Structure formats: C-alpha cells, structure tokens
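Below is one structure, written out as structure tokens, with a few remarks after it.
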Amino acid sequence: MGTKAQVERKLLCLFILAILLCSLALGSVTVHSSEPEVRIPENNPVKLSCAYSGFSSPRVEWKFDQGDTTRLVCYNNKITASYEDRVTFLPTGITFKSVTREDTGTYTCMVSEEGGNSYGEVKVKLIVLVPPSKPTVNIPSSATIGNRAVLTCSEQDGSPPSEYTWFKDGIVMPTNPKSTRAFSNSSYVLNPTTGELVFDPLSASDTGEYSCEARNGYGTPMTSNAVRMEAVERNVGVIVAAVLVTLILLGILVFGIWFAYSRGHFDRTKKGTSSKKVIYSQPSARSEGEFKQTSSFLV
C-alpha cells in the first residue's frame with residue numbers, strides 16, 4: 001500500500017513539473033538565424049534570415065556594424081531611407097537586391113515585444129566575396145648587410161582580406177626560415193596577414209629577386225612583379241675618406257687662424273693700456289746757464 005502511494009506521489013510530481021515546463025516554454029521567446037554566416041559573391045542578391053517565436057506583437061530592428069561604424073538598416077519593421085532602394089523587409093529576415101564589398105560586416109536582428117519587456121537578438125555575419133587584385137610591393141634595390149631591411153606587399157580589393165606569400169627567386173619563403181635548408185642562413189620575420197617581410201639583420205645570402213602572392217580563397221591568386229634586392233657591404237672606404245677630408249679642412253682652418261694672428265690681423269692690445277706714443281729727445285748742448293725744454297709729445 002505504501003509503495004503504491006509513493007509511486008502515485010512521484011507521478012503527480014512529474015505531472016506538475018511537466019506542466020511548469022510547458023508553461024515556461026510557452027512564455028519564453030527565441031530569436032535565431034538559420035545561417036549565422038553568409039558568403040556571397042559581389043553584385044548578387046542575398047537574404048539574411050531572422051526567425052523568432054514567443055512574441056505576440058514583435059517589433060523588429062536590424063543594425064549594421066563595420067569596424068567603428070554602426071548604421072540602422074531596419075527600424076520598427078521598416079527599412080530606413082538609406083537602404084530602402086535595395087533592401088526588402090520580411091518577417092523572416094531582410095533581402096538585399098545586390099550586395100557590394102562595402103556591405104561586408106555584422107548584422108544584428110533585434111526583436112522586442114511592443115510595449116513589453118521581452119527581447120531577443122541574433123547576429124548574422126555577411127562576407128561579400130571579391131577576388132584579390134594584383135599586389136604592389138615596396139622592395140629596396142639595395143640594402144646594407146647587417147642592417148634592417150623591410151619589404152612590403154599589399155592589395156586593396158580582396159574580400160575577405162588577402163593573405164600573402166613571399167617568393168625568393170621563385171621559391172616559396174616559409175614563415176620560419178630555419179625550417180628549410182634554402183633559407184637557414186637568413187634571419188627574417190614574415191607576416192602573412194600584413195604582407196610585411198623584415199630582414200634583421202640582412203645577410204649576403206639574402207640577395208635575390210623577390211615577389212609576393214595575394215589570395216583570399218575566392219577567385220584566382222594574384223602575383224606581384226619580381227624586384228631584385230642586392231645585399232651590399234658597408235662602404236668603409238667612403239667613411240675613411242670622409243674622416244680624412246674633415247681632418248684636412250679642420251687643419252686648414254686652424255692654420256688660417258694662426259696665420260692671421262701672427263700677421264697682426266687680430267687686436268692684441270691689452271685692456272687698460274694707452275695707445276698713445278711719447279717721443280722724448282735729449283736737450284742739445286747750450287751755453288752755460290741757458291736751458292730750454294725740447295721735449296715733444298706726439299699724439
């Protein structure tokens with residue numbers, strides 16, 4: 001008898017729990033997207049989905065984030081003026097008639113209850129695919145051995161942004177130079193994201209023709225023109241010659257000052273000394289008893 005009562009109590013508890021779960025499920029709201037990341041070639045139509053449930057009177061808004069920029073695409077179930085010519089609002093999402101690379105970014109679907117506290121949101125990432133263009137490179141024609149040399153590679157059109165591979169004399173340069181015998185004597189840092197290749201320090205074996213390739217997983221990878229870089233020794237002769245010329249010029253300057261001083265071109269009169277000259281002449285012989293002052297002063 002006791003066992004039967006315990007079973008009935010357990011069944012009753014399970015029934016009550018099921019009712020509570022059902023009521024919670026009915027009262028909850030959900031917002032989701034069937035495709036949280038969308039990749040589409042440029043100039044094609046695309047739909048960003050946003051499904052929701054649990055709202056009796058839903059208010060839908062869409063915003064667009066790209067870096068530090070935020071724009072409103074849809075407000076209160078209506079497309080804003082800046083998008084109304086090429087975007088259509090649907091209860092299940094928004095549709096672009098044609099996308100451009102500037103549309104790449106994150107879109108947030110925000111759903112709230114009109115006059116209520118219920119709220120939900122979902123983010124959809126849109127990547128508009130654009131193949132890379134031919135990259136441009138900045139490579140010095142010569143660089144001094146032992147110094148730092150920086151090579152850059154970039155292209156502006158690829159979406160998503162391109163990654164870069166460097167070549168020396170047609171051979172792929174690994175990210176870690178010590179991993180390949182061909183580059184084991186080099187000391188460089190290669191950044192595939194920025195396209196920067198830094199030699200620090202540059203060695204004689206780094207002389208060669210350099211080019212880079214840009215690829216982003218869409219379209220054909222593009223390769224830059226090859227540019228030759230010469231790793232040259234520091235010109236010690238020029239440095240020695242410059243030092244000798246400096247010493248010679250300094251010697252000439254010192255000699256000139258000494259010569260001018262010795263010739264009296266500099267005033268050597270001491271302060272407080274009179275510049276007047278006094279000439280004194282002895283009296284001439286005269287008769288006894290006659291005396292006359294003959295001193296003369298010249299100014």
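If you go along the chain as it appears here, the first residue is 1 and each next one adds 1.
A Cβ is built for glycine as well, from the same backbone N, Cα and C atoms used for every other residue.
Since we're looking at a predicted model, the values are computed, not measured.
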In Swiss-Prot, CYS50 sits in a disulfide bond; tell me which of CYS13, CYS109, CYS153 is on the other end.
CYS109
Can you tell which of SER33, SER275, SER284 Swiss-Prot marks as phosphoserine?
SER284
Candidates are SER82, SER112, SER154, SER281; I want to know which one Swiss-Prot annotates as phosphoserine.
SER281
To what whole number does the mean pLDDT across the domain 'Ig-like V-type 1' (28-125) round?
95
Whose Cβ, among the disulfide-bonded residues CYS109, CYS212, has more other Cβ atoms within 10 Å than any of the rest?
CYS212
By DSSP, how many residues in the domain 'Ig-like V-type 1' (28-125) are helix, how many strand, and how many coil?
3 helix, 57 strand, 38 coil
State the Cα to Cα distance, in Å, between CYS109 (disulfide bond) and CYS153 (disulfide bond), rounded to an integer.
38
At the level of the C-alpha atoms, what whole-angstrom distance separates ASN185 (N-linked glycosylation site) and CYS212 (disulfide bond)?
21
CYS50 (disulfide bond) and CYS212 (disulfide bond), Cα-Cα, nearest whole angstrom:
41
